[in-house]
Amino acid sequence: MDMSEGSDQKVIDAAPTTHAELAAWVQDVAELTKPDNVYWVDGTQEENDRLTAELVEAGTLKKLTDPSFPNSFAAFSDPKDVARVEERTFICSENEKDAGFTNNWMDPSKMKEKLNELFDGAMRGRTMYVIPFVMGPLDAEHPQYGVEVTDSAYVVASMRIMALIGNKVLRKIEAENAFFVPAVHTVGSPLEPGAEDVAWPCNEDKWIVHFPEERSIWSYGSGYGGNALLGKKCYALRIASVMARDEGWLAEHMLILKLTNPEGKSYNVAAAFPSACGKTNLALLEPTIEGWKAETLGDDINWMRIGKEGELRGVNPEYGLFGVAPGTGWSTNPNAMRAIVKGNSIFTNVALTDEGGVWWEGMTDEAPAHLTDWLGESWTPDSGRKAAHPNSRFCTPIDQVDMLAKEYYSPDGIEIHAIFFGGRRKTTIPLVTQSRSWTNGIFMGSTLSSETTAAASGAVGVVRRDPMAMLPFIGYNAGDYLKHWDSIESKASPERLPKIFLVNWFRRNAEGAIAWPGFGENSRVLKWAIERIEGKAEAVETPIGFVPAEGSLDLTGLDVSPADMEAATAVNPEEWIPELASIEQWYAKFGDALPASLRAELDGLKERLDA
Ligand code: GTP
Ligand code: SPV
Ligand code: MN
């Protein structure tokens, strides 16, 4: 390309890498997007200090001055750029059928034409940062590399918390001449010469695009986490789910938690809950039952491979927490709070205190008398509106979690003994149900339903089916995805196959309040599940699966009324009539892509409910 007009000569300077493909790709992207500079991120503390200082200067970040939040910053987004944009997210497989009905699809060559237009000159007036990163351990057998180029320094600073980035990774990519997932991000807001920048540049038009066969990602127009930190949802779920299908493993939207019982025996559980439905909270659980210990491995993503003995082994590919701030507090999630106040965090769309700290709903029982809300307005407890955005987030290094399990650092992960699927349902779904079999567990996962939350743009509180909490993240045909899950049974050792449970922390009582206290008390449910694995806890068979027998759920010292326990745990056939109809409608959407084994599960459930 002719560099003589427009863009700066610097973009064609030799790239500081011996990886020819990487150098060529970066050059191509620079020629298309026409940044003023290309900067290769080294990942050092000095670099981070410099970039965050520049972000403070630009007004994107505010440095927190309250010593309770050392070396931490607050960012405030454009009010229209606060969540993932599912309706603007595309899976551009060669064949439309391979994207399936759960994804938006466009022909890849048409999409590339569109992207070429959008990205042409999109970085004018800005610096293009090149971020080599790895998802998961750098010493894994097959490290999963990526390189994100972005024109957002906020993205660089956030990626530095969420993944291992910089020279350490680049040198390994070079030494192995490794494949990397190319991921291009722009906020889509070129700066004309002399123009004033805004604190949070973005574009009304947003495109979050994946090419699964190429394993590449293009993201345009948003600076928000899940749309812009491309190692996270775009790579570690959408692209990785395709890799996992092809290679016989699973890339899942799950927390990983290690539990040790009073006898000192450990079990590891993974749990898939939709966005803003309790993964981070369960991952940082403080058990309320005597003698049980919980340790964190991951709070959002779990890559599971089959180990040498046929066991399922989970790895958390992330280095940080990108947690929902509201509801994270000293009483509900003290482990998260302790990690947060160690500092080194970036908060987005929370409220600022007059002392230069941050606050959000639920952090403390009582709100401060005065705050600056996430929109920059003066706020008092009787303002009648939320101070923090409901999807405001803390971004904090995971190694600041005191209860981090040592196996977090193990390159081949940890054995998973139980899998939980769970959603946010006011009715119908009881506190805990054990599946009748692996395939029955896949049925539970495939029909998982939840009320929508603020984590994605659009209506909140609408019940939707969210298979394995992966609806917005399955990078291929959802029917094939369910088949893939079902096929794990034959690939793994039958004795080592995790047991599957369905949970619901959010069922309502007659007064409309959440019946189950949740949070640390969820340890009681985990204990029952582990005792089921051990063959100790009693269960009652119901049409939908096995539920705790009277007295088998440890309620020692728990202050919940019998009416609330009944509301939380009941299996009500009358609630299951509309539920079955809704599952029937959901399954109809799969057409002939629905595995026959799951159709048979639905038929079995109907028969048992009829009987
Ligand atoms: P993402 O990061 O979007 O994937 O969300 P997440 O699944 O990690 O959800 P998170 O743990 O951040 O919780 C989301 C919201 O649910 C917060 O407001 C929590 O306070 C609330 N929550 C989490 N666990 C429980 C629980 O056991 N009971 C109740 N009632 N609320 C909970
Ligand atoms: C989610 O929405 O599931 C999140 C936040 O974990 S984001 O990274 O934005 O996807
Ligand atoms: Mn998540």
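The backbone N, Cα and C atoms fix where each Cβ goes, glycine too.
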Identity of the substrate-site residue among S275, S446, S449 (reference: R84, Y224, G225, G226, N391, S392, R393, source: TrEMBL): S275
Same-site GTP binder from R245, R305, R313, R424, given that TrEMBL records A276, C277, G278, K279, T280, N281, R393, F519, G520, E521, N522: R424
Residue from K233, K265, K293, K308 that TrEMBL also lists as binding Mn(2+) with H253, D300: K233
Filtered binding-site residues, from S275, D300, R393, whose Cβ is under 6 Å from an atom of ligand 3: S275, D300
Where the record names R84, Y224, G225, G226, S275, N391, S392, R393 as binding substrate, the maximum Cα to Cα distance in Å: 15
Integer mean pLDDT for the domain 'Phosphoenolpyruvate carboxykinase GTP-utilising N-terminal' (25-245): 98
Top Cα neighbour of N391 (substrate binding site) in the set of recorded positions H253, C277, D300: C277
Distance-selected recorded positions near ligand 2 (C-beta under 6 Å), from G226, C277, S392: G226
D300 (Mn(2+) binding site) CB neighbourhood, other CB atoms within 10 A: 25
Chain-internal residues near S392 (substrate binding site), provided their CB is under 8 angstroms and they sit 6+ positions away: V324, A325, P326, F347, T348, N349, V350, W360, W374
Between H253 (Mn(2+) binding site) and S275 (substrate binding site): CA-CA distance (Å): 9
